[in-house]
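Heads up: the structure comes next, in structure tokens.
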Amino acid sequence: MSGFYHKHFLKLLDFTPAELNSLLQLAAKLKADKKSGKEEAKLTGKNIALIFEKDSTRTRCSFEVAAYDQGARVTYLGPSGSQIGHKESIKDTARVLGRMYDGIQYRGYGQEIVETLAEYAGVPVWNGLTNEFHPTQLLADLLTMQEHLPGKAFNEMTLVYAGDARNNMGNSMLEAAALTGLGLRLVAPQACWPEAALVTECRALAQQNGGNITLTEDVAQGVEGADFIYTDVWVSMGEAKEKWAERIALLRDYQVNNKMMQLTGNPEVKFLHCLPAFHDDQTTLGKKMAEEFGLHGGMEVTDEVFESAASIVFDQAENRMHTIKAVMVATLSK
């Protein structure tokens, strides 16, 4: 694709609205081609390094399947499979991998790490997730929303994110809304709002693109008329146990449940989640939450909503692969 060749994919605001739209169009085409058996391999002979300082199911599988579909080969470097930042600097790692690979994916910690990789690798670098941003997830989310509201422009849609909005998902949603004009409402306790500077920047851009960004603590007001309600986990296994009670007390009123879905007043409202979700007690963490905090039947989302017809979370999960494929094809093929 013109203009994308050898570009990095580090955060959404590195792109223009037109470029973002082009990536979504390419993803939709690649998805249709795969389904119809007409996919054309554009990455034959390419070698791709996947650096994972944080484990992941969806991100790893998406990159691997997308690469294989397109004829590329991958090397997985897991949390214990490389010396990045420990025995070898990020700068040196970038220069080594850049001599061997045609593209590098990084999923891990600070945004400065993926930025340094991009500065020194000499090949396209893609952000699979950092503490600050999760751009590949938002590409999948935008494609999923387009599929479920065909014919509607993003500035005619309303997305609500309920819960902890100060994380990489909240930041990337702000950037997505800025570029698309998507009506975005972050419904969260004020302590869980993103940094004011990013909100201000993205709100100004969103208004230029016909959209609006709202932050509110009021659940009923925030979800009214929503087309999509989105949430993410409140706690993770890596966090100190003392944080769990504090986080749950802060966010309990922002659980996505049938009452919240009904408060939208939209019988066609859809539920989104980037996964994994703690919607039951069938996981180690889910059991702990149920036993210690009485969160039976779900934490950030109830099992009832997660398993309902309104839930399109597995469409999202599939679209991770198609949109990641679009990023690789756009940046590695002329």
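Any Cβ shown, glycine's included, is placed from N, Cα and C.
Positions annotated as carbamoyl phosphate binding site by Swiss-Prot, on the basis of sequence analysis: S56, T57, R58, T59, Q83, R107, H134, P135, T136, Q137, C274, L275, R320. Feature annotation from Swiss-Prot assigns L-ornithine binding site to N168, D232, S236, M237; the stated evidence is sequence analysis.
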- Message: Can you tell me which of the binding-site residues S56, R58, H134, C274, R320 is spatially closest to D232 (L-ornithine binding site)? Compare CA atoms only.
- Response: C274
- What residues, ordered by sequence, lie under 8 A Cβ-to-Cβ from C274 (carbamoyl phosphate binding site) and sit at least six positions away in the same chain? H134, Q137, D141, M169, D232, Q316
- Message: Among the binding-site residues R58, H134, R320, which residue has the fewest other Cβ atoms within 10 Å of its own Cβ?
- Response: R58
- Query: For N168 (L-ornithine binding site), what residues in its own chain, 6 or more apart in sequence, show a Cβ-Cβ distance under 8 Å?
  - Reply: L129, T130, N131, E132, F133, H134
- Cβ-based isolation winner (fewest other Cβ atoms within 10 Å) among the binding-site residues S56, T136: S56
- Task: Count the other Cβ atoms sitting within 10 Å of the Cβ of D232 (L-ornithine binding site), across every protein chain shown.
- Result: 23
